[in-house]
Amino acid sequence: MFFVTRLRLRARENGFFFSKSLSFSSASVLKSDDVEGEDDAIEAEDRRRSVTDRAYWRRRIHSICAVRRNPDEALRILDGLCLRGYRPDSLNLSSVIHSLCDAGRFDEAHRRFLLFLASGFIPDERTCNVIIARLLYSRSPVSTLGVIHRLIGFKKEFVPSLTNYNRLMNQLCTIYRVIDAHKLVFDMRNRGHLPDVVTFTTLIGGYCEIRELEVAHKVFDEMRVCGIRPNSLTLSVLIGGFLKMRDVETGRKLMKELWEYMKNETDTSMKAAAFANLVDSMCREGYFNDIFEIAENMSLCESVNVEFAYGHMIDSLCRYRRNHGAARIVYIMKSKGLKPRRTSYNAIIHGLCKDGGCMRAYQLLEEGSEFEFFPSEYTYKLLMESLCKELDTGKARNVLELMLRKEGADRTRIYNIYLRGLCVMDNPTEILNVLVSMLQGDCRPDEYTLNTVINGLCKMGRVDDAMKVLDDMMTGKFCAPDAVTLNTVMCGLLAQGRAEEALDVLNRVMPENKIKPGVVAYNAVIRGLFKLHKGDEAMSVFGQLEKASVTADSTTYAIIIDGLCVTNKVDMAKKFWDDVIWPSGRHDAFVYAAFLKGLCQSGYLSDACHFLYDLADSGAIPNVVCYNTVIAECSRSGLKREAYQILEEMRKNGQAPDAVTWRILDKLHDSMDLTVERELISNPATSG
C-alpha cells in the first residue's frame, strides 16, 4: 500500500471525510469567512463523492497542485484514497510531480516518483517521459539517471525520448562525467534510438571540456561515418577544444572550414549559436586579437547577421572584463557605418567604471551623444560615484545634465544619485547649489534628497548648514523631517562635541515632530556620549530608553559595555552585565567581544579568561574574535601557557583558529624552535 503522509480519515456512508491539517500560521488564523466557506463546501463535496468517481478526484488533485500549488495536501488526499482502494493513475502522478518541481522540491520529486514505482503505480510511457523531462530541470543528472534505471527495471519496454537522452548527456558533461554520458549513447542505440547531431555535439563538447581532444576528434569522425552531417555548432565546439589545448593552428584551419559550413547552413539560429560559441571560446582562452581580426574582416562570416555578431563580440569581451577591447569593436563598427546596440554600449561604460576607468567611460559617454545614448540608471550611479571619487565635479555635473535630458527619467532620483556622489567630496557649496538648482527647476526634493544633503554636510563638519536645512524642513519649506533626518543631525552634533544640542533634539525636537525615538536613535546618542567621555549622561539616556518602553538590542549593550570600559568603569560594566545584559537574553558575540576587549585593555586578564570559560559553560557561543582577543592579551603579557589553554578551549567549543590566531601565536613564539612550538600545540597542558 502506498503511504505518503499520515492522514486522519473518517468513513461516511457514501464517501469519506478528510480532516483539515493543523496550521498555526497567522494566515490560517486570519482566514476570511469567504475562504472558510469555500473550503467547507469543497470538504462537503469530498465527503459526498465516492472513491470510484475517478474523474472528480483527477480534477480535485490537479486543482490543488496547479491552482493552489499545495502538493502536500494532494499527497494527503491520495494517501486517503489509497486506503479506500483507489489506485493513482498517470494524471495524478504527473500533477503531484509537477507541483513539487514548481515548488523547487526536486529532491522530493525524485523520491516520490520512486515511491510510486515501488508501490506498483507505473505510469504510461508518455507520462514517464514528461516526468523525466521535468526532473531534468533540477540539474541533478545523477539522481535523474538513477530514476531512469529504476523505471526501466519496473517497465522493461520503456524507452526515454531522444530529447531526454540528449539533455541528460549534456548535464552529465557539465559535471565532467563524460564517460557516463558516452555510455548513454550505447544505451540509446540498444533501445532503438539513433543518435542525432545534438547527441554527438554534446559528447564532443564534453570531451573538449575535460581536454580529451583525441577522443573528441574520434567522436567527430564517428559522427560522419554514421551518416550524420556535423552542423556549424558542432564544428564551433570542436574548435573551442583545440583553442583550450593551445593548438591554434588547427583551430584556425577549422575556422576556415566553419565559415564554409555557415554559408551552406540554412538555420539562422544555428549559425548564430555557432558564432557565439566561437567568440566565447576565444575570450575564455584569451585569443582577443583573433576576435579583432574577425571584427575587421566580417566578410569571412558574412552569413551571420552583422549587428548580432558585433553585439555578441562586445558582450563577450565585457563578460571577460576586456572593456577597452569592447570599445575597440565599437570603433570598428563606426568605421563601417554601424551603430552599437544601446545595451552593449551601456555594458562597456559600466565595465569601465567598475574597473577604475571612469575617465574612459566618460569619453565614451560623450561620444554616445552621436546616436542619442543615455546610460541606465545603475550605470549612471556607478559613473557618478567614480567621477566624484576622482574629485572631478565638472564632468560629474555634465553627466547629471545629460541624464536630466533623458525622456521619462525621474528627475528627483537623478539628483539624489548626484548628491550621494558629492558626499564623497568635501564640497558643501556644490551640495547646496544642487538643492537650489532643484528648486529653480521645479523639481521638489523628497525626504531622501534632504537626508542625503544633511548627511553629507554633517560628514563634512558643516553641522550648522545641516541645522539650517533642518529648520527649513520644520518650518514647512521642505517636507517634514523623519527619524533618519533627526538621527543624522544628532550624530553630526555629537561628532562636534555638542552633546547638549543633540540631547535637545532627542528630548524636544523629536517629540514635537511626533517622532518616537527608536533603538537606533538611542544607540547613536549613547555611542556619541561615550566617545565624549560623558558616561553618566549616556547611562541616563539608557534609562530614558527603558522608560520609553524601547527594547534595547545587542548593539546597545555592546556600546555601553565598550563605553564603560573605555571610561575606566569596569566594575560598573561587570554589574551591568550581571544585572541587565545576561538576564535580558539579548547578547551575542559582539557583546562578548566588547566585554573581553574592555577587560583585557583594563588589565583584568584573569577576569577575561574566567568570563570566556563561563560563557562556554553557560551554553553561549563566543566566536573566534572573542578567543583571539584573550589570546592576544596573553601574548602581550608573555603568558604562553595561558594562550595555549585558550587555544585548546577554543577547539573544544567548536571554533577553528583563523589566520589572526596563528599570527598572534607566531609573534608569541618568534624565537622558539619549531619542534617546541608543535609540541605546545599538540599538548598545551604540558607547556609553560
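Every residue number used here counts from 1 along the chain in the order it is shown.
Glycine residues also receive a Cβ, built from the backbone N, Cα and C atoms like all the rest.
Going by Swiss-Prot, these are the annotated features:
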REPEAT    53-88  repeat 'PPR 1'
REPEAT    161-195  repeat 'PPR 4'
REPEAT    196-230  repeat 'PPR 5'
REPEAT    231-261  repeat 'PPR 6'
REPEAT    271-305  repeat 'PPR 7'
REPEAT    306-340  repeat 'PPR 8'
REPEAT    341-375  repeat 'PPR 9'
REPEAT    376-406  repeat 'PPR 10'
REPEAT    411-445  repeat 'PPR 11'
REPEAT    482-517  repeat 'PPR 13'
REPEAT    518-552  repeat 'PPR 14'
REPEAT    553-583  repeat 'PPR 15'
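Residues 377, 380-381, 384-385, 387-389, 391, 393, 396, 400, 403-404, 452-453, 455-457, 459-460, 462, 465, 469, 478-479 of the same chain, all 6+ positions outside the repeat 'PPR 11' (411-445), place their C-beta atoms under 8 angstroms from a C-beta of that stretch. Outside the repeat 'PPR 15' (553-583), and at least 6 residues removed from its termini, the chain residues within Cβ reach (under 8 Å) are 519, 522-523, 526-527, 529-531, 533, 535, 538-539, 542, 545, 590-591, 593-595, 597-599, 601-602, 604, 607. The stretch in 196-230, 231-261, 376-406, 482-517 that contributes the largest number of Cβ pairs under 8 Å to the repeat 'PPR 7' (271-305) is 231-261.
For the repeat 'PPR 5' (196-230), the residues of the chain that approach it from at least six positions outside its boundaries are 162, 165-166, 169-170, 172-173, 176, 178, 181-182, 185, 188, 237-238, 240-242, 244-245, 247, 261, judged by C-beta separation under 8 angstroms. Residue counts for the repeat 'PPR 6' (231-261) under DSSP, split into helix (H, G, I), strand (E, B) and coil, are 27 helix, 0 strand, 4 coil.
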